[in-house]
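Features of the protein shown, as given by TrEMBL:
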{"type": "DOMAIN", "residues": "1-31", "note": "domain '4Fe-4S ferredoxin-type'"}
{"type": "DOMAIN", "residues": "39-68", "note": "domain '4Fe-4S ferredoxin-type'"}
{"type": "REGION", "residues": "65-89", "note": "region 'Disordered'"}
Amino acid sequence: MTYVITEACAGNKDTACWEACPVDAIHPGPDDADFAAHDRLHIDPTECIDCGACEPVCPVEAIYPEDDVPEESRGSTTASREVPLPRPA
Ligand code: SF4
């Protein structure tokens, strides 16, 4: 399993989750060159260790364990996983 970020993040991009993640699984970070180019943050499922640290710090409650994503938000998280955000080399 992984945690995922829903469309509630769009336009907010609060970085509390990025700061809380112990394994840098959330991208892009605020110092990345492409940060402004994306409307939301993304959790890389190959890097996430399911610790849950990001979920409670999100001010817009955009983060869920993948299996608990509300039905109405599932499309946005699927799209996010299938098209990972580009990251700087
Ligand atoms: S659940 Fe833990 S490892 Fe996964 S993105 Fe959130 S803070 Fe990072």
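Yeah, the Cβs are placed from backbone N, Cα and C, and that goes for glycine too.
If you look at the domain '4Fe-4S ferredoxin-type' (1-31), the same-chain residues 6 or more away from its ends with a CB under 8 A from one of its CBs are 38-45, 47-55, 57-67, 69-70, 73, 76-77, 80-81, 84-85, 87-88. Proximity of distant same-chain residues to the domain '4Fe-4S ferredoxin-type' (39-68), defined by a Cβ-Cβ separation under 8 Å and at least 6 residues beyond the stretch ends, is recorded for 1-28, 77, 80-81, 84-85. In the domain '4Fe-4S ferredoxin-type' (1-31), helix, strand and coil residues by DSSP number 8 helix, 5 strand, 18 coil. Computed over the domain '4Fe-4S ferredoxin-type' (39-68), the whole-number mean pLDDT of the model equals 95.
Residue counts for the domain '4Fe-4S ferredoxin-type' (39-68) by DSSP state, with H, G and I taken as helix and E and B as strand, are 6 helix, 5 strand, 19 coil.
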